Every structure is written in structure tokens, then in C-alpha cells.
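J.: Sharing a structure below in C-alpha cells format, with a few things to ask.
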């Protein structure tokens with residue numbers, strides 16, 4: 001049993017490290033994990049689900065705004081991007097935040113193709129992140145079910 | 001003719017012959033009568049005479065014989081029949097008594113004879129006893145002399161006194177003319193005249209030891225009479241007139257310490273003897289008596305013992321003096337060493353201070369220089385200066401620490417601290433370097449690791465930092481993992497299992513890296529000062545080589561052990577150390593939520609805070625942050641809602657001002673209007689994504705008390721809150 005726990009823990013650790021190394025997550029995510037304790041055991045999950053809901057909502061807004069060919073309200077798009085940037089930086093979604101930064105530049109430059117491209121990338125990016133985080137949570141659940149404790153992975 | 005009853009004598013009355021017979025008879029009668037008288041007289045005089053009645057018998061016999069002879073006198077002339085009758089009666093009686101006496105004497109004479117033999121025997125015995133008495137007396141006298149001599153000899157422990165006293169006493173007791181002692185020389189081939197009785201300044205006189213007379217004396221333990229003409233006895237110039245007295249020589253064994261075994265008595269197989277020569281006075285006809293010889297022998301033995309005692313004492317006195325000298329020398333050396341150490345410490349302390357002051361100046365000014373506008377070359381130069389000076393400062397610290405550690409003058413400063421926090425801090429410190437080198441570090445704290453411990457926090461941090469720093473320094477790729485757990489066995493005695501008692505436990509920290517690795521042969525050298533194992537090519541990592549040595553000493557001070565394992569070059573290595581830490585009583589408080597367990601910021605509990613943020617996610621994150629710190633958080637998503645909800649109970653308001661435009665800042669003004677009294681007004685802090693001067697100025701102009709850069713870390717928020725509450729203003733948290 002302990003061997004299984006140890007193996008799962010190692011898997012979890014390596015997976016988490018890889019997420020950081022690949023730039024999916026940054027320090028803020030670590031900070032988020034720090035806020036999770038006995039008083040609020042599902043804090044991270046709650047915040048992340050809120051974030052993904054936000055993503056869906058904002059991307060939808062942006063898509064609608066950009067659909068209006070000819071009369072694209074770049075301010076509105078910019079506002080949504082700004083929101084998304086704020087959210088992503090709050091949860092530590094590094095890649096998403098990076099994309100939002102360039103997205104915002106395109107908005108200010110009123111570059112339609114750029115915005116569209118960015119939007120697509122953001123869409124892909126947040127979905128990828130969602131899957132990866134889902135996998136990580138599954139590993140955590142497995143470890144807890146196997147009787148072990150989720151190790152703290154403190155890096156960078 | 002007349003008829004008479006006379007009896008005619010037989011013989012004719014020859015006048016001459018008869019006259020003679022008559023006279024003889026008369027005298028015989030007198031003698032016979034006087035004998036008993038004498039007997040009676042003398043027997044009465046003597047005290048005891050056993051045969052009294054024999055005497056009577058004898059007396060009777062004699063008296064009767066006398067009477068017979070007396071009566072015989074009358075028979076020479078014509079005598080009457082009465083006389084003849086009396087004569088006959090007397091003769092008959094005499095015959096009877098004499099026969100009885102004769103018979104008696106047969107019994108008595110042997111007795112009397114045996115009395116005589118007994119008397120002779122007793123006389124012999126008495127003579128013998130007398131002789132023996134004489135012998136005993138002489139022996140006793142000899143013994144007395146010996147005792148006195150021994151007493152004299154043994155009353156001193158000085159060799160010369162012993163020998164001198166011996167000679168003097170012997171001379172006195174035996175009335176010697178001369179007494180001399182010959183000692184063997186160092187080579188053992190000659191005897192040297194060492195002491196004499198009469199001559200005050202003995203000439204340095206030697207005789208070879210192999211003389212027959214000397215061999216003769218040495219061959220026996222008895223005193224031997226030697227010729228006065230032998231070389232050992234010729235001590236004075238011989239003047240021909242004198243007839244030299246008899247000379248006796250005896251050997252004196254010189255016993256060595258090694259002769260005295262515990263289990264056996266000293267055998268007289270010692271090789272070294274001295275020779276004592278004693279001369280009787282010339283011209284006296286004295287001869288050596290046996291008891292005198294015995295006396296001499298006994299004295300010789302005693303002298304031997306006394307001499308060995310003296311030798312032993314001399315030896316021990318010498319040893320004692322030597323030890324005292326050494327003691328004094330050692331004491332002096334110790335004091336000198338202590339002075340040297342003190343001088344060195346003073347020197348180090350002073351130099352340390354003197355060196356650090358300019359060092360500080362260099363480092364501080366270089367840092368400041370870094371902040372100014374510099375060209376790239378200048379920046380590079382300043383960075384190098386800063387790096388070198390930091391290195392130098394570290395080196396100075398290390399050297400000072402190490403020298404104090406080696407003295408043993410370093411003491412641990414014990415205190416209570418949070419072990420978990422310590423590890424996180426260390427990781428935070430190492431992070432920047434690790435990020436640059438792209439080495440992920442993971443920290444693994446065991447679940448049973450106590451949180452609050454008692455120990456030297458600073459030194460423990462130094463040790464861990466040193467080891468983790470080494471891991472980072474010497475790894476080019478791979479990851480580094482730091483594990484901390486409670487260990488059950490004392491590695492110094494693997495068979496001894498340390499049960500973590502209520503008060504102490506052993507912390508084990510393992511730092512594993514996948515870097516350059518270490519050759520197993522080099523591992524023992526690692527902990528020596530100034531030794532580094534990598535080749536010149538990799539020397540760029542710098543360092544003084546003191547780190548591990550200092551860490552090892554600190555670990556030892558903490559009653560622990562440190563070692564390194566490596567599978568070889570290129571296979572990474574693991575550094576492990578155990579230290580003993582105390583468990584703090586604070587850890588016994590269970591069930592306290594983490595936020596309140598931090599004693600420094602207890603004033604956050606229940607602090608009413610308002611968070612205003614349009615972005616749901618960041619609003620939630622900020623709320624989570626503050627809840628974690630123990631605050632009572634209300635969230636609003638717009639300024640109107642904020643104004644509505646806000647009350648004087650809220651102490652701090654965090655407002656997100658990320659949105660472009662100035663609307664958000666208006667809220668600040670409105671709040672100022674609402675709460676005119678300053679102490680009632682909550683503190684206003686802006687959360688913003690950029691930190692340039694314009695944002696800061698804007699915040700200040702709108703009356704905000706502080707600006708925070710998003711995203712805020714937990715520690716940051718904690719510090720900010722405490723500073724804010726203390727000073728009621730915050731513009732440094734950037």
C-alpha cells in the first residue's frame with residue numbers, strides 16, 4: 001500500500017513540476033494552494049471552476065463582439081481581455097495571461113486578425129489547462145483514496 | 001693352789017705383744033664409739049638423710065663392735081667368769097647385728113651408689129646448662145648489638161649516612177681497629193675503597209674484582225677470615241712491628257629493585273656485591289668469635305636492605321622532582337597557549353570588525369550604484385564588484401565562525417521557532433538561483449514533523465542553506481529534492497534506537513541532487529577545511545571550501561551527524577544530516593487554525609475587511625487570502641455596492657483599480673466624504689496590476705493609504721496588513 005502511495009505521490013510531484021516547467025502555472029498558483037486549509041478545503045477547486053466559468057463567459061463575449069464584422073467594438077473586447085487577464089493572473093494561469101497581454105495589444109492596435117487569432121489561442125489554451133488541472137486533481141484524489149497525503153510541491 | 005673360776009688365757013703373758021694388742025683394742029673401741037657419734041652429729045646437721053634407721057642399725061653394730069673390743073681389754077689378764085660371760089654376750093649380739101647389717105647393706109649400697117651417679121649426672125647437666133646459658137647470653141647480646149646497629153642504620157635514608165653509621169657502630173661494638181667498605185665500580189670490574197672508619201680521607205684505591213680472595217668471600221654468604229696481607233686488607237701502611245689482627249671479610253649484596261618480585265623472595269643471585277672488611281686490633285690476641293662473625297653477617301644483610309631502601313627513595317625523590325619540573329613547564333606552556341588563543345581571538349574580533357566596516361561600505365555603495373543609470377559595461381563591472389565583495393564578506397564570516405567553532409567558544413543560541421516556516425524561507429532564498437539554473441526544487445516535509453521546535457534557528461538555517469546551496473551550485477541539470485523527517489535511530493549508534501521523548505527528537509534532512517556527483521573516494525575529504533573536489537574546469541562555482549566544515553561542526557554541536565552518499569561522478573549525490581532538536585510546548589496546542597497560530601499577527605483575528613473587485617475570480621482569490629489570515633471579509637463588486645455596504649466597522653478596504661479610467665478612484669473621495677473623522681475612516685488600499693510612479697501618485701492624490709501589486713502573495717499580504725495597522729500608511733509594498 002505504501003509503495004502505491006509513494007508511486008502516486010511521485011507521479012503527482014513530477015506532473016506538477018512539469019506543469020510549472022511548461023509554463024502552464026506560475027507562482028500565483030502556489031500561493032493559491034497555500035490558501036487551502038482545513039477551514040476551506042476546496043478553495044483551489046472553487047476558484048479554478050469560477051475561473052473557467054469566467055473564461056467561457058468572457059470568451060463568448062469576445063467571440064460575439066468579434067463576430068460583428070465591420071463594427072467590432074474593440075473597447076468591449078479590450079475590456080473582456082482585461083478581465084480575463086486579471087482572472088488568469090489571479091489564479092496563476094501563466095500562458096493564458098501571456099496570451100491576454102498580446103491580445104490586449106492587438107485590441108489597442110485594433111488588429112482584427114490578431115485578435116481573432118489570439119482568441120482562438122486563448123480558447124485552446126484555457127481548455128488545455130482545464131484538462132491538465134483535471135488530471136492533477138484526479139491524481140490527488142487517488143493519493144487520498146490510497147491513504148496517503150498529497151505532497152507539497154514548492155518550486156520556483 | 002687356789003681354785004678360782006678364772007679363765008686362763010690361752011697365750012702366755014707375753015708383755016710386749018699383749019701391750020700392743022691392748023692398746024690397739026683400746027683405740028679400736030674408741031674409734032668404734034666415736035664413729036656413731038660422728039654419724040649422729042653429721043646426720044643431724046644434714047637436712048635429709050633417707051636411711052635413718054640404717055644408721056641406727058649401723059650405729060648399733062658399731063657400738064657393739066666397740067663394746068666387744070672394749071671388753072676384750074679385760075680378757076688380757078685373768079678375768080672372772082662374769083667378764084667372759086659379758087664378752088660372750090657382746091660377741092653374740094655383735095654377730096647378730098652385724099649379720100643383720102650386712103644383709104641390710106646389700107639393699108642399701110646400690111641405692112647409695114645410684115645416688116652418687118645421679119649426682120654426677122646432675123653436675124654434668126648443670127655444667128652444660130651453664131654453657132648454654134653463656135651461649136644464649138652472647139647471642140642475646142649479639143642480637144642487641146644488631147638491633148642497635150640496624151636501628152642506627154635504618155634511622156636514616158641517606159646512603160652515605162647508612163654506610164658510615166654501619167662502620168662506626170660495628171667498630172664500636174666489636175672494638176675493631178679498622179673497618180672498610182669496598183664498592184664495585186660502574187664497570188663492575190674493580191672494587192673501589194669507598195668508606196673507612198678511621199681514615200678520614202680514603203685514598204682512591206681500587207683492586208680488581210677477580211682476585212681469588214674476593215671470589216672466595218663473594219662465594220659464600222658467611223663472614224670469611226682472610227689473610228691480613230691480602231690486598232683488600234692492606235689499608236694502612238704496614239709498620240713491621242705490629243702483628244696484624246685477624247681480618248674478616250663479608251659480602252654485602254647490592255639489591256636492585258627488580259629483585260623484589262611479588263611472589264618470590266629476592267634470590268641472592270645478584271651479580272653485584274660490595275665487600276666489607278673488618279680488622280681486629282693488632283697486638284691484641286683477640287680472635288674472631290663465632291658470635292661476632294654471625295653479627296657481622298647479619299649486619300651485612302641489613303646494610304644491603306637499607307641501601308636498597310635508600311636507593312629506592314633516591315629514585316622516587318628524583319622522579320618526583322622531575323615531575324614537578326615538568327608540571328611547572330606544562331603549566332607555563334598551557335598559560336602561554338591560552339594567552340595565544342586569547343590574543344588570536346582578540347585579533348580576529350578586531351580585524352573582523354575592521355574588515356567588515358569597509359566591506360559594508362563597498363557592498364552598500366555598489367548596490368546603490370546598481371540602482372542608478374549605467375551603461376551595460378558599467379553594470380557588468382558593478383555586478384562583478386558586488387559579487388566579489390559578497391563572496392569576501394561570506395568568507396570573513398566563515399573564517400570567524402570556524403575559528404570560534406574550533407575553540408569550542410561557539411555556543412548554540414536556542415530558541416523556539418517554526419520548523420516548517422524555516423524550510424519554506426530557505427526555499428524562497430534558494431529559488432532565485434535555482435530558477436536561473438532551471439533546477440526545480442521540491443520540499444517534502446514529513447507529516448509527523450513537529451512544527452514548533454527548540455534549537456538554534458540561525459545555525460540550522462545556515463547548515464541547510466549550505467547544503468542546498470551546494471546542491472544547486474554543483475548541479476547543472478536535474479532536480480533537487482529536500483526531505484525533512486523525524487528519524488528513529490541515532491546514526492552514530494545504529495543499534496541504539498532513539499525514542500523521540502516528549503522533549504527531544506532527531507530531525508533528518510536529506511538533500512538529493514542529480515548533478516555532478518562525487519567520487520566515493522573523495523567523500524571523507526569533503527568535510528575538511530578548504531578542500532574542494534572538483535577540477536579546475538568547474539571551479540567557476542567559487543566558494544571557500546569552508547561551508548561543509550562549518551556545517552559539520554554545527555551539526556556536531558547539535559549532537560548530530562552529517563554525511564554524504566554518492567553513487568559516483570555524474571550520478572548526483574545525497575547529503576544527509578541528523579540534528580537533535582527540542583519539541584516546543586506550543587506544538588501541544590492542537591486544533592488551532594493556522595491563521596491564528598501565527599503569534600505575530602494575532603491582531604488580524606476578526607478584522608473586518610471590505611474587498612471591492614469587479615473581477616469575480618480575483619475577488620474570490622483576495623477574499624480567500626484574507627480569510628486565511630483570519631479576517632472577516634465582505635466582498636462587493638461595484639463602487640455603489642461598496643458605499644452601501646461600508647460601515648465604520650470595516651477597518652480596511654481593498655479596492656481593485658485595474659480598470660482604466662479614474663472612476664475607481666472616485667470611490668476613495670466618496671469614502672473620505674463619508675467618514676470625516678480620521679479614526680473612523682477605514683484604511684484604503686488599492687490593488688493594481690502596475691506599479692509605476694503615476695499610479696502611485698494617483699493613489700496618493702486620491703487619499704488612498706496604500707498600493708499593492710497584484711497578485712499578492714500570502715506572506716506579502718500578511719506583512720502589509722500588519723504594517724498597515726501599525727503605521728496606518730503603506731507605500732512600500734511594491
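Using N, Cα and C of the backbone, Cβ positions are placed for all residues, glycine too.
Note that the coordinates shown come from a computational prediction; the quantities given were computed from them, not determined experimentally.
The Cu cation binding site annotation in TrEMBL covers B:65, B:69. Summarising the annotation, TrEMBL assigns ADP binding site to B:470, B:471, B:472, B:473, B:513, B:529, B:544, B:548. The feature ubiquitin cross-link is assigned by TrEMBL to B:710. Look at TrEMBL and you will find B:350-585 tagged as domain 'Histidine kinase'. Residues or ranges marked as domain 'Response regulatory' in TrEMBL: B:608-725. Per TrEMBL, 4-aspartylphosphate is recorded for B:656. Here TrEMBL flags B:20-41, B:53-72, B:92-113 as transmembrane segment.
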J.: Would you identify the secondary structure of residue B:470 (ADP binding site) according to DSSP, in three states?
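T.: Looking at the DSSP assignment, residue B:470 (ADP binding site) belongs to a helix.
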J.: What does DSSP assign the residue listed as 'ubiquitin cross-link', in three states?
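T.: For the residue listed as 'ubiquitin cross-link' - judged by DSSP and reduced to three states - the answer is coil.
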J.: Using a 10 Å cut-off, grab the number of neighbouring Cβ atoms around the Cβ of residue B:513 (ADP binding site), all chains included.
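T.: Taking all protein chains shown, residue B:513 (ADP binding site) has 27 Cβ neighbours within 10 Å.
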J.: Can you tell me how the residues of the domain 'Response regulatory' (B:608-725) break down into helix, strand and coil by DSSP?
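T.: Counting residues per DSSP class in the domain 'Response regulatory' (B:608-725), I get 53 helix, 25 strand, 40 coil.
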J.: Grab the same-chain neighbours of the transmembrane segment (B:53-72) for me: Cβ-Cβ under 8 Å, and only residues 6 or more beyond its ends, written as numbers and ranges.
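T.: Those are 25-26, 28-33, 35-36, 39-40, 43, 83, 86-87, 90-91, 93-94, 97-98, 100-101, 104, 108, in sequence order.
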J.: For the recorded positions B:472, B:513, B:548, B:710, which ones lie near chain A, with a CB less than 8 A from one of its CB atoms?
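T.: The recorded positions close to chain A are B:710.
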J.: Recorded positions B:65, B:69, B:470, B:471, B:548, B:656: which have a Cα within 10 Å of the residue listed as 'ubiquitin cross-link'?
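T.: Cα within 10 Å of the residue listed as 'ubiquitin cross-link': B:656.
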J.: Return only the integer: C-alpha distance in Å from residue B:471 (ADP binding site) to the residue listed as '4-aspartylphosphate'.
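T.: Between the alpha carbons of residue B:471 (ADP binding site) and the residue listed as '4-aspartylphosphate' there are 42 Å.
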J.: Between the recorded positions B:65, B:69, B:656, which lies closest to residue B:472 (ADP binding site), Cα to Cα?
T.: B:656
J.: Out of the recorded positions B:473, B:513, B:548, B:656, give me the one sitting nearest to residue B:65 (Cu cation binding site) by CA distance.
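T.: Nearest listed residue in space: B:548.
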J.: Determine, to the nearest whole angstrom, how far the Cα atom of residue B:473 (ADP binding site) is from the Cα atom of residue B:656 (4-aspartylphosphate).
T.: 41
J.: What residues, ordered by sequence, lie under 8 A Cβ-to-Cβ from residue B:69 (Cu cation binding site) and sit at least six positions away in the same chain?
T.: B:25, B:26, B:28, B:29, B:32
